[in-house]
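J.: The following block contains the structure, expressed as C-alpha cells.
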C-alpha cells in the first residue's frame, strides 16, 4: 500500500493512506509526497490524479479501455498491460468503470508507472556496449526518472526525515488565474507569500481594469450634466451621430429622473460607485504586494517606502523583482520552491 506524507505549516505528518489524504480536504498549497514521487508536489497539482487512483483501487479488477485519438484498442486488465506495456505507448486516452470521462493515460498512476518502467528498460543499453557508446546514446535521449525513488530515499535525510531532492521552481499558473484568485481566495490576505508571477500578473490586470474604470470616470466628468460622453468625429455620418446623441440624451434624462426620485444626484451616485470599485481593486493589490515582500524575505512594512517619491518607488521596484527566498522563511513555504522546504 502506498504511504503519503503531507507538510502542514512547518510540520510533517504521516504516513497516511491515499484515502486519509483525500478525506482531509487539504488546501491547494499543501505539499504532498509519496515514496513513488521524486519530489514534493502541491496538493492542487496531484489531487485529480489521486482521486482517479482511489476510484481505480475501489473499482477492483475492472478492465481498462484504451484508445488513440482515432480508434479504440480494446479492453485490458492491469496484468495484461504489465505483460504488454507497448499498448500504453500506443494509447493516448483511457477509461475505466467509475471514471466520469476519458482521461490521458499518464494521469492514471499505475499506468504511468508501467509506461515509465517500459521506457526505462528500452533506454538501458546492453552490456556489450562500451562506455562511450552508452554516453552518446543517452546524450540523444536521457532516460526517464526512476519513479521508485529508492536511491533518493537512501541518501536524502533532512529536516523532515525522508525528503526528496530539490528541483527547479514549480511552474507558475496563468496570470489571469492569479488575478482572479486575488479576489476570490486571497482578497485581503496579508499573510503568506506570493511569487513574482502572481504579483506581476495581478498588477497587469489591475492596471487594465483601473484604466477601464478611469475611462468611465472621464465619461462622467466630460460634461456638466451628462453622465455619458461620446467624442465627435468629423468622419461620422450626421444621422448616425444624431441617433446616438438622441439615444444617450434619453438615457441621461431617465437616469437623472430616477436618481432625483431616489434623492441622489446622478454624478454623486456614480462617483460613489467608482470610489467603491477603486477600493475593491486597491485592497487585494496591497495584499499581494505585502505577500511579494514576504516572499523576497522582507517585512510588509517596507511597502511604506512607496510614500517616498521616486527613491522609495525605485527601491520597492527592486524588491518586487527579487526572486523568491528558497525553502521556508518566517512567512511560510516558498510557492516557487516548495520542494526545498
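Just so you know, glycine gets a Cβ as well, placed from its N, Cα and C.
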J.: If I go by TrEMBL, the feature transmembrane segment sits on one of 163-180, 181-198, 199-216. Which?
T.: 199-216
J.: Sort out the residues at least 6 away from either end of the transmembrane segment (301-320), same chain, that have Cβ-Cβ distances under 8 Å to it, and list them.
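T.: That would be 196, 199-200, 286, 289-290, 292-293.
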J.: What parts of the chain pack near the transmembrane segment (199-216), using Cβ distances under 8 Å and only residues at least 6 beyond its ends?
T.: 174-179, 182, 274, 277-278, 281, 284-285, 288-289, 291-292, 320
J.: State the mean pLDDT for the domain 'GYF' (5-48).
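T.: Its mean pLDDT is 82.
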